[in-house]
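Novice: Okay, so TrEMBL annotates it like this:
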type: ACT_SITE; residues: Glu94; note: active site, proton acceptor
type: DOMAIN; residues: 16-131; note: domain 'Gamma-glutamylcyclotransferase AIG2-like'
Amino acid sequence: MFLRQTWTINNMVHKVFVYGTLKRNEPNHGTMTNPENGVATFIAEGMTKEKYPLIIATKYNVPFLLHSPGTGYNVKGEIYEVDDKMLSNLDILEDHPNCYIRDKNDIVLTDSTHRTVMKCWVYFLKMFKPELLSKPFLEDYKSEGDHGMRYCERCKRDVNFKLKLAVRDDCAYL
């Protein structure tokens, strides 16, 4: 048992910033806590150092962080340290690199008395339809928020729905 715990700790090398359904008390947080997916350890609450538009889109009310630096808000979320297996499973959930693109970004710890900045992986929608920028921007996503756009879990969606086609600007060429 001791050797297994040591291996797991040594294998936790990635910091990931989550801003949507993977946060605590949100619909997909079970992905982060399921040991079959790997290991994820909560580090701190944080926010993006740079402003970005966080929106809710599609008929299934999916949150997206649009890669449009300087637009929107300093988005609030959570920082986790994850192992290789969890990062791989998050890539599958986020359909990286086909839909979301995982990129390193500066995240400011918000529960610290010092302005500590960490480099974390963040899942962005980089090639998005321009009309998504006309949606209301959020600073802090909550599925049950005042916006009234509750997230629809994948198991309840039409299996023929192509999320990427609904939001990506480059899909006409695929």
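Placement of Cβ uses the backbone N, Cα and C atoms for every residue, glycine included.
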Novice: Counting only residues 6+ away in sequence within the same chain, which have a CB under 8 Å from the CB of Glu94 (active site, proton acceptor)?
Specialist: Tyr100, Arg102, Tyr123
Novice: Note the mean pLDDT of the domain 'Gamma-glutamylcyclotransferase AIG2-like' (16-131), expressed as a whole number.
Specialist: 95
